[in-house]
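Undergrad: For reference, the structure I am asking about is given below.
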Amino acid sequence: MTATDQNAVPPAHAAGIRTFHPRRGRMTDRQRAALARLWPAYGLEIADLDGPYDPTAPFGRRAPLVLEIGSGMGDATAAMAAADPDRHYLAVEVHTPGIANLLDLVDRHGLSNVRVAQGDALDLVRAMPAGSLDAVHVFFPDPWPKARHHKRRIIQPVHVALLRSRLAPGGTLHCATDWAEYAVSMRETLTADPELVDVHGGYAPRPAHRPVTKFERRALTAGREVFDLIHRRR
């Protein structure tokens, strides 16, 4: 592993329960070059935060902000940001090759409205001001299928309350999963929050603005249904 790779991998989060698998992986030469060149301007190491964080500061101008939790390889984030230039996108990921790939896409498509953070998304959200987000996207999070691991799921009451508190009134929390049991749990958790309104009164029709992700393609190929849930803050 190169020094660049080591610097980009977030340290272990000793406190609290992780909602993600820390992963390392191989990068292509192109991804490695993008990470080395673009991370200083576009990247944020969440573990380095020390106090409140203004999420609009890295963009240099104020605009509605979308927080993307678990951006994977970044294809969906880049596509949404390109189609939605009047909003900022802050993508959070722990997988270094995914971050590098998103940075490469940002560079290739000239996306000035994307920034990338590495580490625990919940730590980042805790550092943000209340009401600072226009939307939160949680697409295909780890389902943690074993019952003893359900406490690690990101969509559970305490985390939803945190995410909702950072949404501006009228802001949306949009979740998607191909894990049917997790979809039921998500729906129960989201509808139980008195400050959230279920926009579609149940599972939402697949939104045209959400690009097909790698995880969604796998799910559809395997014959699994994909569930979208969209809730709005009162």
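Cβ atoms here come from the backbone N, Cα and C positions, even for glycine.
Automatic, uncurated: that is what TrEMBL annotation is.
The model shown is predicted, which means the values in this text are computed figures rather than measured ones.
So TrEMBL has the following annotated:
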| type | residues | note |
| --- | --- | --- |
| BINDING | GLU68, GLU93, ASP120, ASP142 | S-adenosyl-L-methionine binding site |
| BINDING | LYS146, ASP178, THR213, LYS214, PHE215, GLU216 | substrate binding site |
Undergrad: Report the largest Cα to Cα distance, in Å and rounded to a whole number, among the residues LYS146, ASP178, THR213, LYS214, PHE215, GLU216 that the record lists as binding substrate.
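TA: Pairwise Cα check on LYS146, ASP178, THR213, LYS214, PHE215, GLU216 gives a maximum of 24 Å.
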Undergrad: Pop the Cα-Cα gap between GLU216 (substrate binding site) and GLU68 (S-adenosyl-L-methionine binding site) into the table, whole Å please.
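TA: Computed Cα spacing between GLU68 (S-adenosyl-L-methionine binding site) and GLU216 (substrate binding site) is 16 Å.
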Undergrad: Roughly how many Å separate the Cα of ASP120 (S-adenosyl-L-methionine binding site) from that of LYS146 (substrate binding site), to the nearest whole number?
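TA: Per the Cα atoms, ASP120 (S-adenosyl-L-methionine binding site) and LYS146 (substrate binding site) stand 21 Å apart.
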Undergrad: Fill in the CA-CA distance, LYS214 (substrate binding site) to ASP142 (S-adenosyl-L-methionine binding site), as an integer in Å.
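TA: Computed Cα spacing between LYS214 (substrate binding site) and ASP142 (S-adenosyl-L-methionine binding site) is 14 Å.
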